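Encoded as structure tokens, the structure appears first; notes follow it.
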């Protein structure tokens with residue numbers, strides 16, 4: 001379906017899409033929404049999003065807009081995409097429309113367009129503490145890179161940090177006197193203090209001593225290659241660090257920072273005999289039901305029942 005040339009665009013003198021993306025706090029959300037909206041307009045309009053084609057879409061009447069988004073949802077279903085992926089793309093379109101309504105560039109809503117029911121956080125499998133120690137034991141602390149990598153791996157395990165939380169750390173966020181680290185959690189506006197382990201602090205101290213004095217607004221963990229020395233580590237860099245370290249240690253499961261987080265949370269539940277309230281302080285999940293999924297997977301209740309049924313025959 002290709003849209004006709006847009007008309008009556010004199011009232012739109014700014015790029016609504018750029019405004020929307022600037023309004024999003026998370027860089028990851030900005031990238032995801034930009035990609036989703038690009039796919040929507042390429043699929044339904046035959047061209048990439050521009051001020052003109054976006055204005056045309058926003059000028060549709062209520063029923064035309066809903067019909068178009070429902071057709072797009074049908075296209076995504078036909079591609080056999082996961083419900084979570086489809087919901088993210090629909091959320092991006094709804095966010096665009098909602099933002100445009102707030103600034104007076106659109107008269108309709110997409111509240112009648114429902115997302116798909118998705119099962120979330122199902123795969124919470126990770127590795128055991130023994131396997132994770134095997135990974136860290138293969139990182140040599142003799143080099144500057146080794147000291148940095150060990151400190152990062154400790155934070156991923158001891159505090160179950162997300163990679164974006166590690167990337168966003170500044171030197172000034174480390175407060176050894178208080179035994180604290182200030183992190184910007186997922187979806188949070190401000191920073192929150194978390195308590196560090198003695199072993200974690202020791203590794204951070206070794207890294208900071210080796211790298212030398214740096215301003216408080218500089219990244220706590222930085223790049224070390226000649227071309228970009230001192231720059232903030234990217235999320236991809238931390239992902240590659242975890243994955244390659246696991247491979248070097250002979251771990252067959254594909255590891256990632258989030259899988260380390262899964263591993264740490266599962267190990268914490270095991271160590272506390274399933275005390276989800278206590279472990280929630282570590283994981284910082286806003287919804288306790290998410291931790292219940294971790295706990296269910298830890299016990300493998302379904303597997304146990306399946307074995308019981310099999311033995312009845």
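Using N, Cα and C of the backbone, Cβ positions are placed for all residues, glycine too.
If you look up Swiss-Prot, you'll see 7-101 marked as domain 'Core-binding (CB)'. Look at Swiss-Prot and you will find 122-307 tagged as domain 'Tyr recombinase'. What Swiss-Prot lists as active site is 162, 188, 258, 261, 285. According to Swiss-Prot, the feature active site, O-(3'-phospho-DNA)-tyrosine intermediate maps to 294.
What Swiss-Prot annotates, mapped onto the structure for a quick look.
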{"residue": "162", "record": "active site", "Cβ neighbours (10 Å)": "20"}
{"residue": "188", "record": "active site", "Cβ neighbours (10 Å)": "12"}
{"residue": "258", "record": "active site", "Cβ neighbours (10 Å)": "16"}
{"residue": "261", "record": "active site", "Cβ neighbours (10 Å)": "22"}
{"residue": "285", "record": "active site", "Cβ neighbours (10 Å)": "20"}
{"residue": "294", "record": "active site, O-(3'-phospho-DNA)-tyrosine intermediate", "Cβ neighbours (10 Å)": "21"}
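Here residue 258 (active site) is compared against the active-site residues 162, 188, 285, 294, and the shortest C-alpha distance is to 162. Residue 285 (active site) sits 12 Å from residue 162 (active site), counting Cα to Cα. Residue counts for the domain 'Core-binding (CB)' (7-101) under DSSP, helix first, then strand, then coil, are 70 helix, 0 strand, 25 coil. Classification of residue 258 (active site) by DSSP places it within a helix. Cα-Cα distances to residue 261 (active site) place 162 within 10 Å, out of the active-site residues 162, 188, 294. DSSP assigns residue 188 (active site) to coil, not to a helix or a strand. According to its DSSP assignment, residue 285 (active site) is coil.
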